[in-house]
Amino acid sequence: MTSLAAGKPAPLGASYDGKGVNFALFSAHAERVELCVFDEQGNEQRFDLPARSGDIWHGWLAAAGPGLRYGYRVHGPWDPAQGHRFNPAKLLIDPSAHRVEGDLPDDERLHGGMWQPDRRDSAAVAPKSQVVDLRYDWRGDKPPRTPWGETVIYEAHVKGLTLLNPQLPEAIRGTYKALGHPAMIAYFKSLGISALELLPVAQFASEPRLQRMGLSNYWGYNPLAWFALDPRYASDPDRALDEFRDAVKALHAAGIEVILDIVLNHSAEIDLEGPTVSLRGIDNRSYYWVREDSDYHNWTGCGNTLNLSHPGVVEWARQCLRFWVDECHVDGFRFDLASVMGRTPEFRQDAPLFEAIRRDSVLSQVKLIAEPWDIGPGGYQVGNFPPLFAEWNDHFRDSARRFWLQQNVSLGDFAQRFAASSDLFARDGKPPSATVNLVTAHDGFTLRDCVCFNQKHNEANGEENRDGTNNNYSNNHGIEGLEANFAVIERRRASAHALLTTLLLAQGTPMLLAGDEQGHSQHGNNNAYCQDNALTWLDWRQANPGLTAFTAALIHLRRRIPALTRNRWWQEGDGNVRWLNRNAQPLTAAEWQQGAACMQIQLSDRWLLTLNATAEVVDMVLPEGEWRAVPPFAGEDNPVIMAVWHGPAHGVCVFQRS
């Protein structure tokens, strides 16, 4: 290995062809790029990348292969005023690497310098990129391609979901392998979900601040290598990629889609005081949004913001998404703080990355879900994403919680959210599935905590309970905490059932947080991003089987109601929906404006939801016909025909007309 051939500019990253490895790196402002390879003893050998095509630096190294450890040193101007922070003393991770060896330590040698370059060499402590052979036997794999109208999403953390499941072999608990194990697949199938949405599995790092407190980043929203499977979730770190692909293949065989939470908005380099380990040293001005004072626009709250309007960065991001679809066969993405993807810097529906996805024949066909906000100016964009995207709907979450737990939202607002928030999404040709309905998610209270806590309890996060939202719209039903008397426990159970029924029988795409169906609590912590412990791990031995069965019955019931699966907007008089009062009469204009009270929702003519959000028992006259309560509100062979429902406080029931 004495010199490199010219190689080719695509694809980005390190590509093994059986005879050698092609290296390609985007940097618009670099003046020279050195490829640094390391032997088993850590000895470094450097090669200049000999060719440049546009802004792609590239070269081909003969006789190199899988397992080769490498990094880059990138030469260019040190000119913070112009956004340039090149520093060849810093060994840099390939942003398209398919494996990264080593964690990101809290070590000053990784710092690139604030206003003057830090000349200390970082190679001894910097994580190393590694060449990977991407070949895999996908024979027999068939993506489920579940229609949006039939999709039920289950949001889960690989480790938190599986670590304490006694049905799994101990050696694979907490790993990718566990996801594809027959015991987990049987659980998913019995529950009825159609898509498993995983919190980030691309390699991430723990912030230095957390490391100093003895904590770690648990959720994974601090990306270090966007194209690399995080080895911490592998039973064998050397096989992380294949273990993940094995799980995807097994899930597909069971008809379950896999959606990845992807963090295309910031990097683990944090702010100017953070480490220089990749993008900052490769081309700071291109990869990040840089302010006139040379600091970063912090529209993510994480110290920096990716500039996904730059053509080179757009292509890098597109190739990242294609890697996950082409090489890992994932079925879609949930984009964290997705407004960043549309910034130019103002948000636009035709932003470069959105257009690149729309034009891509593969990416335009997978499921795309946006978290439609960031913390920058104009960052809240619910309902404004391009038609290809579904969006998390916080209006639904807040309205459902306020209806059942606060009793301070009108029937009209609740009905609007129940009917797929047509005021937000019935435009640009979007279907009702464009709203991803949720009552809880990984951030915020769990379902159980929504009915047990009025206040957040985040002291364990080390920020004196300042972190996490204060707008929880929760209700502890008179006693703060999990312990309560029988009467309070019953009220909590009724409220949890009502919220689950609202979520799973509303129009739109429902998303269930893993553990909500088991009664999992985080003891009031509504921002458990740094709690890799029993607070966040699902305790399967303590799961509530009655609540699990209730949830599963609702999901299976959902699939029987055409108004919920056809994915068409409800229109006046089309037979899909009727909104009725407690006397089975159409709601009046005055009743629509009432705060939380009683209503009946008739779906597809034969199905009826009765809702009593008051604190009193209410008799509700059912519409004309013979109505029987159905599971999970009655047994399979329920013979009781009702004309009046004696609705308990905070109660809900579903009926079918004979």
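Each Cβ is built from the backbone N, Cα and C atoms, and glycine gets one as well.
Here Swiss-Prot flags Asp336 as active site, nucleophile, drawing on sequence analysis. The active site, proton donor annotation in Swiss-Prot covers Glu371. The feature site 'Transition state stabilizer' is assigned by Swiss-Prot to Asp443.
On the structure: features taken from Swiss-Prot.
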residue : record                             : DSSP class
Asp336  : active site, nucleophile           : coil
Glu371  : active site, proton donor          : coil
Asp443  : site 'Transition state stabilizer' : coil
(message) Between Asp336, Glu371, Asp443, which of the recorded positions has its C-beta surrounded by the fewest other C-beta atoms within 10 Å?
(response) Asp443
(message) Cα-Cα, whole number of Å: Asp443 (site 'Transition state stabilizer') versus Asp336 (active site, nucleophile)?
(response) 12
(message) Whole-number answer please: how many Å between the C-alpha atoms of the residue listed as 'active site, nucleophile' and Glu371 (active site, proton donor)?
(response) 5
